[in-house]
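Enquirer: So TrEMBL lists these for the protein:
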- 21-389: domain 'Major facilitator superfamily (MFS) profile' (DOMAIN)
- 84-102: transmembrane segment (TRANSMEM)
- 114-134: transmembrane segment (TRANSMEM)
- 140-163: transmembrane segment (TRANSMEM)
- 175-199: transmembrane segment (TRANSMEM)
- 205-226: transmembrane segment (TRANSMEM)
- 269-287: transmembrane segment (TRANSMEM)
- 307-324: transmembrane segment (TRANSMEM)
- 345-364: transmembrane segment (TRANSMEM)
Amino acid sequence: MVDWQKVRKVGIPTRYAIATVAFLNFIYVYMLRLNVNIVIVAMVNYTAIPHTNVTVTEECGHAASENGTETSPDEGEFLWDERLQSLVTGSFFWGYIITQLTGGRLAERIGTKYMFASLQITVGIVTVCLPALASVGVEFFIMGRIMLGLAQGALVPSMQPLIAKWAPAAERNSFATFVFSGCQLGTILGTVCSGMMANSLGWEAVFYIEGSLCLVVVSAWLFFIYDSPAVHPRISRQEREYLESSTVSSAKARKLRVPWKSILSSPPCWALLSATLGYNWAFYMLLTELPIYMKNIMHFNLQSNSLLSALPWLLMWIFSLVVAKISDVVVRRDWITINTTRKMFNTIAFCGPALCLTIVSFIGCDRYWTSGAQLCWNTLRSSGRNRLH
């Protein structure tokens, strides 16, 4: 038997280092995923595009002057109309959806360590090359975005086998929540930092700096991460025994077959898929279109745009932790069943934002009410995502 008291006395557990390095990598996963959504505001010359020029000067043209914060437009060098801008921001997901299903299974067979590292290195290199691709032509820039999607699509699924081997059953929820909270923090930091760098150093610097730092973070991944406690050279004997006795071994995992027929014929599975589809559609729609909306319609400059675009994600991050705690307390005290809790919070997460988005369409050009509705939208939406698991 393992003496759990001895396990607690052996300094900082290795699994905490694993979780921390994974957390840092997921920060950069999301920073490099969304930087284009902010930087495109500085890349495009909006006033030189005939159709966009009408939108910028006439639609809510009085909003800035009424609020006393009128700013000059941030002029870029590319003449990309609305259609091309949508292709640039959306092309990432063309590649992203392809590798979603294969990432986890492939990581189970070849290991998460080198698979994740190779994908992150690819992401970093392609990101550094994006300014050169943009100068050659928008088609090459879009191809680079598709490559980023292909690489990043497998990153989150590939993390699941690693969590299964490093997180004891009693700690798995908190372990996974901490690791993947890097995604939300990366959204916040990426939005703010990308806007500030583009404003002060130029939009090219965003790709050069963030892509290079991604490669630095990968080096930490290669040093600290190992696929299982059994092959880690620096883990204590006590912690290895603790993890091996409280996690599913690789040998047992390989014997399990995926029951595809049962999965595809399960009504709860399709209900969960529908809820996740609706959640992610709204999430990425706002993530990709909000900066452009704040620029073209609300007439915020680049720095204000990045700060206001990041604020909803900051509130989402904070509120999701609060809701998670409330949900755990409610279930633990048997006030409401787990099933009812999930349905209740998901109803709030879907109906609340739908109401907020409807209100935005009637607000018109009022900056403050529009920003407030967006904050309310993301705050309410955060109550549902973690309750899906």
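Even glycines carry a Cβ here, placed using N, Cα and C.
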Enquirer: Give me the stretch from 84-102, 175-199, 205-226, 269-287, 345-364 with the greatest number of Cβ pairs under 8 Å to the transmembrane segment (114-134).
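Expert: It is 205-226 that shares the most Cβ pairs under 8 Å with the transmembrane segment (114-134).
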Enquirer: For the transmembrane segment (84-102), what are the same-chain contacts with Cβ under 8 Å, counting residues 6+ beyond its ends?
Expert: 33, 36-37, 40, 44, 138, 141-142, 145-154, 157, 284, 288-289, 292
